[in-house]
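Listed in TrEMBL for this protein:
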- B:C86: active site, nucleophile (ACT_SITE)
- B:H200: active site (ACT_SITE)
- B:E202: active site (ACT_SITE)
Amino acid sequence: MKAIVNVFLKNGVLDSQGKAVQHALSGHGFDSVKDVRVGKQIIIEMNESDAALAKEKVAHMCEELLANTVIEDYEIEIQA
Amino acid sequence: MKVGIIQFPGTNCEYDTQHAFAALGCETQILWHKEESIPSDMDLVVAAGGFSYGDYLRSGAIAKMSPIMKALKVYAENGGKVLGICNGFQVLTETGLLPGALKRNEGLHFISRHHHLKVVNNDNDFLRHCAVDQVVNIPIAHHDGNFYIDAAGLNELYANNQVLLKYTDGAGNIDNPNGSVDSIAGICNKSKNVFGLMPHPERAMEALLGSDDGRAMLEGFINA
C-alpha cells in the first residue's frame, strides 16, 4: 500500500515560493497564470493492507512530523 | 553557572555558543542529541544554531524527534531555562515549546549580515540588562527566519509581554529583512523560561569583530 501526502501552506499564509514562480511564469508570457502554490509531496510505501488504517497512521505521521500544522495543511491519498 | 549546549547532526554554532558563555565565566557542556536526560546541574540549556539534519523536510522538524527533545520538554515544563538561537529557535517552535513557526524568508534569499534589533520587553532573564527601546546590533544568518503566528497568537504574545525583539534600522525604526509578522525577531513563552530568537547574540561578543551587544543579552542568564 502506498500513501501520497501533499503538504501546502495554509490559505492566508503567504507562499513566497509560489509567488516567485508565478512572477517568473507571468514574466515569460504565460498570461493565463492566476495563482501558483508550491508544496511538497511525500510518498510512503507501507506494510499495511487496510486502507482506512493506513490513512489513520499517515495522518498521525503528518501531525507528528510531516506537516507543521501551525502553517501547513496536508492531504492524504492511499493507493493500493 | 553551567550551560548545556545541544548538538544535533548539522548543528554548527555549538562551539561559538560554548566560547561565548565561557567568556562570560560559565562552565559549559555539549549535550549530544541522543542523550535521554538533561544533566541535573544545568542552569541553562541552549539549542544552538546551524542546520540540524540538513534542514530536511523543514528547519528543525527532524531534530524535534531526537531523544534529547523529550528530556528538554520535561526540563522546560519544570521551569528549566532554555534558549534557542536561529536553528535552535526553529527547533523550539517545531517542538511546541514556543508558539508560531519560522517560514522561508519572504525574499527567498539566505540573509547573512549584521542587523539592528529593538528591545521590546525586558521583564525577563534574557533581556533584563537591556533597556526597552534600546537598539542592538546583532548578526543574522538564516534562510527560514520569517516568523509567522496567527492573529490570535500574536495578540497573546503582546498581552503577556512575550515579544522580545524586533528588526529595526539603527535608529529603531522597523526594518523587516525577512517578512516576519510585525518584524518580530525573538519571543519567549508565557512563563518566561523558554526564549527563542533568529539573530546570533553569541556572534556579537567582541567590539573588534563588529559588535559586543550580545554580551549584555547572554549575561542576563547569569545569576538570574
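The backbone N, Cα and C atoms fix where each Cβ goes, glycine too.
Just so you know, TrEMBL annotations never went through curation; they're auto-generated.
Annotated features, which come from TrEMBL, shown on the structure.
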{"residue": "B:C86", "record": "active site, nucleophile", "Cβ neighbours (10 Å)": "30"}
{"residue": "B:H200", "record": "active site", "Cβ neighbours (10 Å)": "24"}
{"residue": "B:E202", "record": "active site", "Cβ neighbours (10 Å)": "29"}
- One should report the C-alpha separation between B:E202 (active site) and B:C86 (active site, nucleophile), rounded to whole angstrom, as 11
- Cα of B:C86 (active site, nucleophile) to Cα of B:H200 (active site): how many Å, rounded? 7
